[in-house]
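Novice: Please find one structure pasted underneath; my questions will follow.
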């Protein structure tokens, strides 16, 4: 009886310790953790907890209406890409880092709407990429304190790190630099953050390229005659070409560095040009927003604004963000797509620890 009491007491103590640690108790059998960095494409609600302009928040109706019981701060009618990636990886939804009392056992989401690689991009209105890296460093210290050096190193090396960044940097004037110089500065800052994560133990990276936003509803609404903004798309093309080369260089320079790069830009353009092929009725106008193409960024931000009857029919939920259905489609492609969309590996390969298997197009398998 005394032995049984001691065993029960030990179990209770372990349970109490697990509940008292923000990182919980890691099991050797659990799925790899997921850490997320970037902008509004990946923001789960971090901006709810900073002092910023209403344009950088989405914690009000009708955001979240298609899935969540109340708005969460996601710039969507429902879930976003990281939510689906977590599901496919057998993980719970990864929590916002700035939300109080969250459990970071399975990772953390640092993404912030409006964030850029450059400190000047929406400074004071978003959590920039360098600050996100600093928050990650604080969490790494916490893991080491609670798990010890060996377990924390294992967690960090097994984890996958998602990135969506750069788009906000190209919506501001780049003078006095040339386009090439400006792109090089942006990519240099992104590279420094990736290397910073690598130095703390990260090895597996999932990145999306920057979408061509020049013809999006929110951009056309700002243009004379509601035309497309070709200059921002020129910069974005230069960025995507240069960043692809930089990732190849990092793979050669950094031992153990592997990555999955998803061509989000092409996936979006395909749905804008041929929405019915992908299950949408409208590919150019936003469900939520007033004015031409629903491009005025007033969704939920003023008393009267345009709102469609069925958000799933519109590729764009608001003037700058796709709906939940589109995010699910993108996540599926990112997760197990072939090399036509995700190179040189897909996320499934990274999570399963099989980065030695490269994926060929379906017609070459």
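Heads up, the Cβ atoms here are built off N, Cα and C, so glycines get one too.
The feature active site, nucleophile is assigned by Swiss-Prot to 40. Annotated active site, charge relay system per Swiss-Prot: 318, 321, in sequence order. Look at Swiss-Prot and you will find 189, 310 tagged as N-linked glycosylation site. According to Swiss-Prot, the signal peptide annotation covers 1-27, on the basis of experimental evidence. For 137, 168, the entry in Swiss-Prot reads site 'Transition state stabilizer', with the evidence type similarity to another entry.
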Novice: Using only C-alpha positions, which one of 40, 318, 321 is spatially nearest residue 168 (site 'Transition state stabilizer')? These are the active-site residues in the record.
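Specialist: Result for residue 168 (site 'Transition state stabilizer'): the nearest of the active-site residues is 40.
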Novice: In whole Å, how far is residue 40 (active site, nucleophile) from residue 318 (active site, charge relay system) when you measure between their Cα atoms?
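Specialist: Residue 40 (active site, nucleophile) has its Cα 12 Å from the Cα of residue 318 (active site, charge relay system).
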Novice: Quick one: Cα separation, residue 137 (site 'Transition state stabilizer') versus residue 189 (N-linked glycosylation site), in Å?
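Specialist: So the alpha carbons of residue 137 (site 'Transition state stabilizer') and residue 189 (N-linked glycosylation site) sit roughly 17 Å from each other.
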Novice: Take the Cβ of residue 137 (site 'Transition state stabilizer') and count every other Cβ within 10 Å, whichever protein chain it belongs to.
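Specialist: If we count other Cβ atoms within 10 Å of residue 137 (site 'Transition state stabilizer'), we arrive at 14.
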Novice: Counting distance between Cα atoms, which of the recorded positions 40, 189, 321 is nearest residue 310 (N-linked glycosylation site)?
Specialist: 321
Novice: Cα-Cα separation of residue 40 (active site, nucleophile) and residue 189 (N-linked glycosylation site), in Å?
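Specialist: For residue 40 (active site, nucleophile) versus residue 189 (N-linked glycosylation site), the Cα atoms are 18 Å apart.
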Novice: By the count of other Cβ atoms within 10 Å, pick out the sparsest of the recorded positions 40, 168, 189.
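Specialist: Taking 40, 168, 189 as the recorded positions, the minimal 10 Å Cβ count falls on 189.
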Novice: In three-state terms from DSSP, label residue 137 (site 'Transition state stabilizer') for me.
Specialist: helix
Novice: Kindly assign residue 40 (active site, nucleophile) to one of the three DSSP-derived states: helix, strand or coil.
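Specialist: Residue 40 (active site, nucleophile) sits in coil per DSSP, no helix or strand.
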